[in-house]
């Protein structure tokens, strides 16, 4: 499919229509059905034609899954270099002990043999049901088709990484660095068990920019803190979360670093990709009908702004009210109050879909019908001004519907 670019006056980069993980130069991606799921693609891969700088951030859940342990060790041994990644859905390879680690390493070996690259340049990821061993005969079948052009489509990769997701989530943008076109692409999955500190989510980002691994890791960590770590669907943190980025240096320009004159342009584009993917996860929360954005400003510290935003968007009472299209602002101020952060009710101001509901800690009369009309929209915004400082943050989440229970009551069946 031919990619088309659309440029917004707001950005110094272009959004590529139908852009994807394989849009940057030198990257290919694919996916196929190997039998882990009943009738959907469940095995995917990304390959770079040249060795790439790489970085990753992982779940903070102490029950870290085998693929994450192996990938983290691999990146340490390779000093931040990768050339391929393979991922399966339907099986998390988590809580599987030494056999799980051995299976992840065996997968690395099979992929490396097919691509004729060192196994230490292969990352592995899994998502799905916890506590079951990988069916390695099926995994091997998948690795044997990695070089098969019939399966080498980015759309297939996007589908292969899904679990309870209702849609694929991907994007690519382009920008100019030293007069040359650089592209950043991304693909993610995530729908349930989503909570700040990474969620049941896998996110993969590729770029043909020239940037070293240490710089890439610093950028990824910074971006993750205010994007992927600021989303929540249900308050659960998965054992398998990972965000991984590869930069294969295919575009020859001055190495990107904080000293590069166009560093901020690259950072803005990278953050845009991460924000887009994070919001796509929140929007696709299991059973969700609405995306909730909580903008907190006037906090004494960034940590307070982030914590209050996440507390509001994590509240089941707030989420239920938004689903019911009920302007129950009392649930919002209650969440602010129990967040554990420093607040002053007399300085607190709250808006729901740009309609004031609380001013200096006091309820504000509003037009119930006008408010009800705005709450039928797919995007709901809560603005909180604390009046205590200059720190601000935004958290993303979704409403809580009847379908969330239906989906999760039968996840293994």
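Backbone N, Cα and C define each Cβ position, glycine as well.
What Swiss-Prot says about this protein:
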- 200: active site, nucleophile (ACT_SITE)
- 163, 189, 200, 286, 408, 413: substrate binding site (BINDING)
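Around residue 189 (substrate binding site), the same-chain residues six or more apart in sequence whose CB sits under 8 Å from its CB are 89, 127, 161, 162, 163, 165, 169, 201, 202, 203, 281, listed in sequence order. Secondary structure at residue 163 (substrate binding site), as computed by DSSP, is coil.
Of all the Cβ atoms in the protein chains shown, 23 others lie within 10 Å of the Cβ of residue 163 (substrate binding site).
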